[in-house]
Amino acid sequence: MMKGWMKCGLAGAVVLMASFWGGSVRAAGMSLTQVSGPVYVVEDNYYVQENSMVYFGAKGVTVVGATWTPDTARELHKLIKRVSRKPVLEVINTNYHTDRAGGNAYWKSIGAKVVSTRQTRDLMKSDWAEIVAFTRKGLPEYPDLPLVLPNVVHDGDFTLQEGKVRAFYAGPAHTPDGIFVYFPDEQVLYGNCILKEKLGNLSFADVKAYPQTLERLKAMKLPIKTVIGGHDSPLHGPELIDHYEALIKAAPQS
């Protein structure tokens with residue numbers, strides 16, 4: 001009887017530790033680090049550094065950004081399983097480019113839903129081959145990935161995890177379709193490829209509309225403690241929005 005009680009107590013302790021575990025787990029080219037509560041940032045250093053996010057919910061996990069390829073998605077999943085054994089429920093394609101949607105095939109293979117706006121899904125369907133070719137031009141080692149479309153498509157803004165993960169569109173910027181993802185309880189904003197330390201690649205950007213999109217974001221007056229940049233160093237305060245707006249206003253318009 002005592003042994004059984006001890007086993008139950010130990011199992012409960014393991015569950016409790018898993019529920020409140022914080023810190024960072026790492027692999028060769030990737031890390032998963034707690035930002036606040038159930039919100040974690042992924043620093044993916046394969047190809048060109050990109051930063052994605054993971055939300056550990058009560059019933060399962062939401063991944064924000066599919067990562068570069070099925071192989072990098074698999075690496076992220078290994079890190080996720082070191083934090084929680086709960087299933088990955090869904091993965092958000094935050095825009096139609098390879099760094100945000102290249103891992104779709106892996107996530108679908110484990111039964112996760114791949115989620116996007118209709119605008120992102122339509123751009124993937126029409127322009128995926130072009131985006132892969134563009135990626136391979138700069139990164140010859142990048143694989144020639146086939147198109148894997150999202151299987152859950154929203155006509156506009158959407159929420160997941162019972163409102164604890166909010167995805168919204170503010171206008172064209174780095175791409176025509178890019179969305180922000182906001183975690184209201186933690187006051188964390190994921191800037192996607194729209195916000196980052198450096199100006200970055202503007203090949204598909206609407207440079208003229210970009211500042212207006214950032215002004216619309218600021219007009220929402222979201223309570224924000226932390227902004228996660230989509231590339232470069234991930235952790236910033238809300239001042240990253242004004243910082244990038246100044247960069248884009250100074251950029252040449254084609």
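Yeah, the Cβs are placed from backbone N, Cα and C, and that goes for glycine too.
What Swiss-Prot says about this protein:
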- Asp99, Cys193, His231: Zn(2+) binding site (BINDING)
- Thr135, His174, Lys196, Asn201: substrate binding site (BINDING)
- 1-27: signal peptide (SIGNAL)
From binding-site residues Thr135, His174, Lys196, Asn201, the one whose Cα lies nearest Asp99 (Zn(2+) binding site): Thr135
Cα-proximity to His231 (Zn(2+) binding site), 10 Å cut-off, over binding-site residues Thr135, His174, Lys196: Lys196
Among Thr135, Asn201 [binding-site residues], residue with fewest other Cβ within 10 Å: Asn201
Integer Cα-Cα distance in angstrom, Thr135 (substrate binding site) to Cys193 (Zn(2+) binding site): 15
Pairwise Cα distance for Cys193 (Zn(2+) binding site)/Asn201 (substrate binding site) [Å, integer]: 9
Packing count at Cys193 (Zn(2+) binding site) (other Cβ atoms within 10 Å of its Cβ): 24
Binding-site residues listed as His174, Lys196, His231, least Cβ neighbours within 10 Å: His231
For Asp99 (Zn(2+) binding site), the number of other Cβ atoms found within 10 Å of its own Cβ: 28
